[in-house]
């Protein structure tokens, strides 16, 4: 295939406009592939591999080659029609050293002495061959880069899946930990409640005993005061013995 054919979109059969690359490595005009997807599911028009709008990657390398190729074609086409301003002859030769179109008289001048000169068409063909070699090398790089991209995409998915798996494991462990802490808290609170209730019961019983003792003491004080007023000698002796013993 010629260089021009290599740079043609398989959909519109014209030189790529805004070239993009799918995951499968095939190239298309961005507009062409988007139009194609309007009538079918997102896939490669050539190999039918599944794709998506976010898989469209601008092929900067291809775009640069196309721009350079267009410039060279335009330059050679223009120069082949130009007339040498110095000698008035048609520019039919191309000086490979000075990289410029020249006429037959220019070729014999001192400026281009011993320079390699080729007919315009032959020089253009030679440039095309050089472009083809560069294109093949760049396409190899593109394929390798696409493979690397796919590997990184797979690794990214593996990393994402691993993260989700680890998150689930962590959440599961903490659910168990929260359940354990909840049970532990409930048991500790239950033990505390039981202990406090027992202490409160003992304190209430002690309070009742103290109240009973106070009641008895109060009654005894009242009786003593009353008998003292009555000067009951027998009561005084009996009460004295009770207080002493």
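Glycine is no exception: its Cβ is also placed from the backbone N, Cα and C atoms.
The coiled coil feature in TrEMBL is assigned to 121-209.
The domain 'RING-type' annotation in TrEMBL covers 9-48. Taken together, the residues of the domain 'RING-type' (9-48) have an average pLDDT of 88.
The DSSP breakdown of the domain 'B box-type' (79-120), given as helix, strand and coil counts, is 11 helix, 11 strand, 20 coil. The annotation domain 'B box-type' is assigned in TrEMBL to 79-120.
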